[in-house]
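Participant: First the structure, then my questions, so here it is.
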Amino acid sequence: MKDNKIIIFDTTLRDGEQALGSSLGINQKLQIALALENLGVDVIEAGFPVSSQGDFKAVQKIASKVKNSTICALSRALDKDIDMAYEALKVAKHFRIHTFIATSTLHMQDKLKKDFDEILSMAKRAIIRARSYTDDVEFSCEDAGRTPIDNLCFMVENAIKAGAKTINIPDTVGYTLPSEFANIIKILFNKVPNIDKAIISVHCHNDLGVATGNSLSAILQGARQIECTINGLGERAGNCALEEVVMAIKTRKDYLKGFYTDIKCENIFKTSKLVSAITNESIPSHKAIVGSNAFSHSSGIHQDGVLKNRQTYEIISPSAIGIHENRMLMTARSGRAMIKTCLENLGYDENTYNLDDVYERFLRLADKKGQVYDYDLEALMFLSYENEEENEFVIEKLSVISGNIPTACVCMRIKEELKTEACTGNGPVEAVFNCIARITNLKPALKAYSINAKSSGVDAQGQVDVDLEFKGRKFHGKGISTDVIEASAQAFVSAYNAIYRSLKVEERKMA
């Protein structure tokens with residue numbers, strides 16, 4: 001291994017899972033582990049085998065299935081933990097035992113009730129026992145960020161002497177700042193005589209929002225392994241996010257000269273979405289690299305710049321992480337250049353329309369809707385102002401019966417005619433969707449469905465967003481209500497009306 005390769009140690013399945021309200025199932029963990037392997041992660045920390053029988057079985061199954069990544073299990077500096085970790089890992093092609101003990105004065109005195117000499121002795125014994133099972137042993141000085149530096153240096157020196165091949169320096173509570181954390185790593189390299197015999201790793205938490213910054217600062221001082229999680233999942237405020245540190249290394253090669261990872265960056269986005277779906281942890285829209293707004297532009301000035309040269313406002317190409325769709329949002333802040341480009345993409349020559357007229361109508365629509373989609377813009381070309389938001393379909397009544405066979409009854413107004421249908425489904429939302437499809441005689445495919453709370457309390461409003469695909473085109477719908485079924489119905493009908501308007505546009509184009 002070259003000195004400038006940064007080893008990516010992913011702990012989504014161990015530290016990341018600790019942040020979840022409930023444990024993941026064995027097959028869910030395996031699905032994530034296989035995705036991490038496909039992403040190119042070097043080391044996957046699969047769990048803490050001694051913590052539960054379920055975790056033991058999950059680590060064991062992952063160890064038997066993953067072949068290209070080293071599988072790691074966590075253990076305290078206790079014989080039973082280390083033995084259990086080995087039993088879970090021994091079927092793996094490549095495995096690592098990761099043992100740890102707290103080294104800060106606060107943790108030693110108040111949590112462990114031991115002095116430094118006792119902690120040092122426990123650490124050495126644990127490493128020696130782990131080495132009896134494998135040469136690949138990692139040792140962590142828990143709460144290293146608040147450990148007296150002389151104690152930390154002495155602990156690291158003795159851990160390496162005992163046989164640890166990787167020494168992890170965690171900022172367990174996210175207390176240190178980048179320059180401070182960098183200095184800790186620098187001092188270790190200057191004062192620990194056998195530091196060259198081990199790989200120095202860092203594990204940074206995000207309590208002060210600097211986990212990625214701390215990790216990058218450590219690389220510059222000699223750290224060669226970064227412990228991180230997908231989407232920054234982890235205890236409290238989370239961990240260093242894999243996608244952030246990897247893309248920082250890739251993007252800032254001018255500053256982080258020579259450093260690289262083996263991560264297949266084009267798989268980052270789909271791995272992020274998979275972990276989000278399995279853990280039921282939504283990704284904040286403003287999350288760096290993988291948030292829905294990370295590559296979105298709504299300001300007219302920004303959009304104009306991106307249309308001329310993407311690098312004016314994008315330091316990373318969306319395709320670099322596996323995003324291949326346009327994230328230019330049409331809102332009331334969009335300028336004429338954006339509208340003109342969108343119309344060109346829809347196939348309209350600028351000589352066939354009056355841009356000022358279309359833009360004026362666009363602004364009126366954007367003020368009403370917030371976000372305008374390409375099919376809305378196309379409707380402006382063919383429908384009168386009064387019909388731009390014409391709703392062919394309106395829900396008049398809605399009732400749902402839950403139970404063994406969820407059933408919905410929907411009454412809709414189509415022009416002046418009322419139509420009623422009752423349908424079943426796997427759940428009440430699907431039953432409503434089936435009713436609307438039958439009444440409208442349109443059969444789009446549901447591609448995305450999401451719920452977000454718009455307020456708190458028992459009377460909280462929920463917003464439902466749906467994406468329907470019809471004839472190869474996606475249509476968005478939104479609904480808001482204190483009743484999630486009603487909000488879902490509103491969202492479906494909103495999307496169906498968009499489909500209706502697009503069909504009407506096609507008729508006008510053919511006329």
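Glycine too: its Cβ is placed from the backbone N, Cα and C atoms.
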Participant: Per Swiss-Prot, what member of ASP3, ASP10, ASP15 joins HIS203, HIS205, ASN239 in binding Mn(2+) at one site?
Facilitator: ASP15
Participant: Taking the Cβ of HIS203 (Mn(2+) binding site) as reference, which residues of that chain separated by at least 6 in sequence fall under 8 Å from it?
Facilitator: THR11, ASP15, SER140, ASN168, ILE169, PRO170, ASP171, THR172, GLU227, ASN239, CYS240
Participant: For the recorded Mn(2+) site formed by ASP15, HIS203, HIS205, ASN239, which further same-chain residues have Cβ atoms within 8 Å of the site's Cβ center?
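Facilitator: Neighbours within 8 Å of the Cβ centroid, excluding ASP15, HIS203, HIS205, ASN239: THR11, PRO170, THR172, CYS204, ASN206, ALA211, GLU227, CYS228, THR229, GLY234, GLU235, GLY238, CYS240.
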Participant: Fewest other C-beta atoms within 10 angstroms of its own C-beta: which of the binding-site residues ASP15, ASN239 fits that?
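Facilitator: Selected from the binding-site residues ASP15, ASN239 on minimum Cβ neighbours within 10 Å: ASP15.
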Participant: In sequence order, which same-chain residues at least six apart have a C-beta under 8 angstroms from HIS205 (Mn(2+) binding site)?
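Facilitator: Non-local contacts for HIS205 (Mn(2+) binding site): PRO170, ASP171, THR172, VAL173, GLY174, ALA211, GLY234, GLU235, ARG236, ALA237, GLY238, ASN239, CYS240.
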